[in-house]
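J.: Okay, these came from Swiss-Prot:
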ACT_SITE  Asp8  active site
BINDING   Asp8, Asp139  Mg(2+) 1 binding site
ACT_SITE  Glu67  active site
BINDING   Glu67  Mg(2+) 2 binding site
ACT_SITE  Asp139  active site
Amino acid sequence: MAIILGVDPGSRITGYGVIQCQGRHQIYLGSGCIRTSSEELSGRLKQIFDGITEIIRQYQPDEFAIERVFMAKNADSALKLGQARGAAIVAATVANLPVAEYSATQIKSAVVGTGRAKKEQIQHMIQQLLKLPAAPQADAADALGVAVCHYHTRQSLIALSGRATARTYGRYR
């Protein structure tokens, strides 16, 4: 049984999602957004770091997964996004959590089945997969998607390592 914290980084809005893995089941624990208010980038990065640190304190995750960013609107946006990712990763590292990174295509494929999925499709599938009463807001849904992607990757690695058994993880041959 593991708790996974997924993060969708952003310099203004950083989404987070927390799921618990019990065998082949994923249980929703919480999600939301860290909305930064400071005009100064350094202030926003501190808010992201502090927010992720508080979420880690509250949920006590075992693993941390974050979206890998490879493209942005312009160079300045890419730098700010990279710094936001760094603030979140440092918070996880300070808490001694293993960090996994996934591309947007990997996340969309794990959640929807296609790497070209739209935000609405991700929101809908997250709602279905985690049996939520309503679709989560876009940034939180993306973060939950990161956590779900990590769960699926983790399950695949367990199966490939030969540690899976029919009783705990289904049939892998």
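Just so you know, glycine gets a Cβ as well, placed from its N, Cα and C.
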J.: Whole-number Å distance between the CA of Asp139 (Mg(2+) 1 binding site) and the CA of Asp8 (active site)?
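T.: Asp139 (Mg(2+) 1 binding site) and Asp8 (active site) have their Cα atoms 7 Å apart.
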J.: So, in DSSP terms, is Asp139 (Mg(2+) 1 binding site) helix, strand, or coil?
T.: helix
J.: Looking only at Cβ atoms, how many others are within 10 Å of the one on Glu67 (active site)?
T.: 25
J.: Highest CB neighbour count within 10 A among the recorded positions Asp8, Asp139?
T.: Asp8
J.: Cα-Cα, whole number of Å: Glu67 (active site) versus Asp8 (active site)?
T.: 6
